[in-house]
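Visitor: The structure under discussion is supplied below as structure tokens; questions concerning it will follow.
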Amino acid sequence: MYYASTCMDHEIVEKKYKLGLNVTDNYKVRYNISLISQIFEGRCDYKNVVRLSLPKSLDLYKTGSNHYAYTLEVNMINVEKIYKLDNFEDVKELIDLGADINEAIKNIIIVNNIDSLKYLLEKGANIDLIDSYLAKMGNIDIFEFLFVKKCPMNKFLPIAVEYGHLNLVKFLVEKGVYVDFIDRTKYTFSEYTPLVAACSAGHIKIVEYLIEKGANYKSSYGVYLAAEKGHYDIVKFLIDKGTDLEKYGLRSLNEVIKKGHFDIMKLFINSGLEIDYDYYIYKAGLRGHTDIVKYLVMMQMSKQIQKI
């Protein structure tokens, strides 16, 4: 039996495979030869699993001595079954066929279904293996269940923040997740706190909430990322709150001038940041930002007049 994992819409997969289209031209797939136990290995967000019949005369190419993954340009002659991984009965059938429960529980599409999640845990799957990207689904009911089951919750906070799920963020913080938690298994950058993630993604309500709950904003890298990505409201909020611009102020200003974020540039200038006007006029001119050049020249002249 041949299996392929895919993220494509199952109806499109079924239609095009049955037409005999070349799978490698249309989809990113992974073939498993009689190894259903390995079907969930790899990505954590496969949406369906397709069971295919291939020509018997096909000469398969093995990609590695210890691997059972195959990539060939072949034409499908039939789609025997499509297992939708958000469907409990389909997941149960795959497990009954021999799919690895500890690989299955890593799939966020599967565990976002409460029945499938309960079934895997009943079968003995390791709850610690649930991928942190489950938080991008924002399903509070799932996380309430996981909390009761004593699943480690810290790793979900940065992802919930990144995807803008304020209610889930509140739930996690209220359940004791450290507001400045850094998931070092995914982020090697030592300052990528949930607040930094919220600033980068532009989620002002989450920024406000995290700071209210004690997140460190004074010397946060978040002001730089918010400035770089043009999130005016977040930059203004952080500056008004008194974030320390000594560490990231000039670096942020350099980025906003490079990208032409005029209004954000004014926030930094008006904050009292000491800058080299000649340098930034030159940088803005190189990028063709004439509005910024004019403003900086005006500010420079004003400063010079004040010194007279």
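Every residue gets a Cβ built from N, Cα and C, even glycine.
Pulled from Swiss-Prot, these are the listed features:
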- 100-129: repeat 'ANK 1' (REPEAT)
- 152-181: repeat 'ANK 2' (REPEAT)
- 190-217: repeat 'ANK 3' (REPEAT)
- 218-247: repeat 'ANK 4' (REPEAT)
- 249-277: repeat 'ANK 5' (REPEAT)
- 279-305: repeat 'ANK 6' (REPEAT)
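Are these features on the surface or tucked inside, and what are their neighbours?
Guide: Residues 37-41, 44-47, 85-88, 91-92, 94, 136-137, 139, 141-142, 145-146, 149-152 of the same chain, all 6+ positions outside the repeat 'ANK 1' (100-129), place their C-beta atoms under 8 angstroms from a C-beta of that stretch.
Counting only same-chain residues 6+ beyond the ends of the repeat 'ANK 2' (152-181), those with a CB under 8 A from a CB of the stretch are 128, 132-136, 138, 140, 143-144, 146, 187, 192-195, 197-198, 200-201, 203, 205-206, 209-210, 213-216.
Taking the repeat 'ANK 3' (190-217) as a whole, pLDDT averages 94 in the prediction.
Residues in the repeat 'ANK 4' (218-247) partition by DSSP class (helix H, G, I; strand E, B; coil) as 20 helix, 0 strand, 10 coil.
Here the repeat 'ANK 6' (279-305) has Cβ contacts under 8 Å with residues 253-254, 257-258, 260, 262, 265-266, 269 of the same chain, all six or more residues outside its ends.
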Visitor: For the repeat 'ANK 4' (218-247), give me same-chain residues lying six or more residues beyond its boundaries with a C-beta closer than 8 angstroms to one of its C-beta atoms, as numbers and ranges.
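Guide: Cβ under 8 Å, 6 or more out: 191-193, 195-196, 198-200, 202, 204, 207-208, 211, 253, 255-256, 259, 261, 263-264, 267-268, 271, 273.
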